[in-house]
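This is the structure I want to talk about, given as structure tokens.
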């Protein structure tokens with residue numbers, strides 16, 4: 001499924017109209033798409049619908065939905081508490097609705113029907129909400145009905161996580177043509193409820209998507225014909241320290257469990273016995289100066305390592321060679337990548353990304369998609385901004401939002417495992433975009449698998465690697 005900024009939706013509408021598809025027709029397609037989606041999800045004949053419509057195009061979508069419900073014999077009441085339609089297409093649809101003998105009111109009812117539909121505002125909403133709109137959304141939120149929003153809840157921004165404190169709180173949202181960024185950005189994301197995309201017949205042009213299980217399964221499947229350990233690459237993991245040997249163990253476990261052909265771990269001497277006891281499949285090197293061996297196919301660095309001058313010197317060496325490099329934890333600093341000769345993947349959590357960019361963490365969290373994308377484009381790197389709905393942003397301006405995972409991943413060490421997964425899949429898949437997105441998806445899916453049987457908070461990061469085989473098999477079989 002695709003993700004569209006408000007400017008991209010407006011551009012798509014303009015392009016459609018330039019090709020002969022009028023705003024009236026677009027509204028009709030949206031309305032019938034909504035009707036069909038709702039009819040598929042609910043037994044509509046057991047409900048009374050109350051549609052609260054605005055004066056613009058979002059209200060017009062509600063008018064078309066009301067017409068289809070009325071024609072189907074479903075009890076439906078239509079209200080315009082902010083005034084009757086003013087946009088040309090909405091007025092035309094309202095005139096047609098009225099010509100069929102269906103009525104509407106400009107006064108709110110005392111109580112809504114069993115399903116309350118928010119059709120007030122779409123992507124054009126301006127925050128904060130005006131007082132007259134607040135009164136309407138407050139009334140809507142007080143109702144005990146099932147609450148449904150069209151496109152996005154009134155009071156939620158479209159492109160970032162901002163929202164009004166009086167915003168409509170939906171149980172379910174039907175997003176037209178694609179997800180809006182705020183569906184994945186807090187606090188606005190908490191307003192959406194369950195979300196379903198309604199196709200309205202427009203071609204898709206966005207380079208931002210939600211990675212699907214079908215795409216991940218295709219990437220994880222390999223025939224295995226004529227394969228040997230060299231087929232799946234030799235990775236170098238520079239991780240761990242004498243006081244943090246667990247980071248190397250967790251990352252190495254993730255890499256081995258996810259299919260790295262060969263893995264060499266470079267760590268401090270004191271960390272080798274502990275790490276090797278947990279991951280005997282890996283090879284180990286102790287080198288206080290960490291000289292790079294250019295026979296490696298991909299390199300990951302930073303897990304459990306201190307952020308010091310030695311690390312900065314190492315990163316300069318890494319950026320001067322040509323194999324893919326994954327940087328995490330101690331390897332994440334504000335820096336220029338202008339002279340790099342290799343593909344670079346940075347994997348910060350919000351606090352680390354805040355230090356990398358100089359932006360406040362609150363700002364980063366509300367603009368995760370835009371912020372990660374801007375950094376990726378500016379520095380010509382791939383950014384994996386971790387957190388709920390992990391964002392993977394690419395240097396070409398595109399990217400993915402991940403929908404797997406849960407709060408069981410909110411523990412120190414989970415990111416180390418993810419670094420190992422990314423390293424393994426970069427070794428196995430020459431398409432770095434696919435490899436990174438699939439690692440993020442698989443990492444989250446392992447946490448979801450754990451939550452099926454146990455409380456999320458009981459999951460240890462070390463369990464993720466143990467769940468990879470079963471979870472990957474499930475992903476492949478789902479398709």
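Don't overthink the numbers, they just go from 1 along the chain as shown.
Cβ atoms here come from the backbone N, Cα and C positions, even for glycine.
What you are looking at is a predicted structure, and each value in this text was computed from that prediction instead of being measured.
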Given TrEMBL annotates 386, 387, 388, 389, 390 as AMP-binding, which of 358, 415, 420 belongs to that site as well?
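When TrEMBL describes the AMP site, the candidate it includes is 415.
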Given that TrEMBL annotates 58, 118 as K(+)-binding, name the residue from 25, 106, 144, 154 that shares the site.
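Same K(+) site in TrEMBL: 154.
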Measure from the Cβ of residue 59 ((6S)-NADPHX binding site) and count the other Cβ atoms within 10 Å, all protein chains considered.
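Its Cβ has 29 other Cβ atoms within 10 Å.
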Measuring Cα to Cα, tell me the gap between residue 389 (AMP binding site) and residue 118 (K(+) binding site) in whole angstrom.
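It is 25 Å, counting Cα to Cα.
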Roughly how many angstrom lie between the C-alpha atoms of residue 387 (AMP binding site) and residue 154 (K(+) binding site)?
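The separation of the Cα atoms works out to 26 Å.
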Round to the nearest Å and give the CA-to-CA distance linking residue 127 ((6S)-NADPHX binding site) with residue 118 (K(+) binding site).
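Checking the Cα atoms of residue 127 ((6S)-NADPHX binding site) and residue 118 (K(+) binding site) gives a distance of 17 Å.
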By the DSSP assignment reduced to helix, strand and coil, which category contains residue 118 (K(+) binding site)?
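Residue 118 (K(+) binding site) sits in a strand per DSSP.
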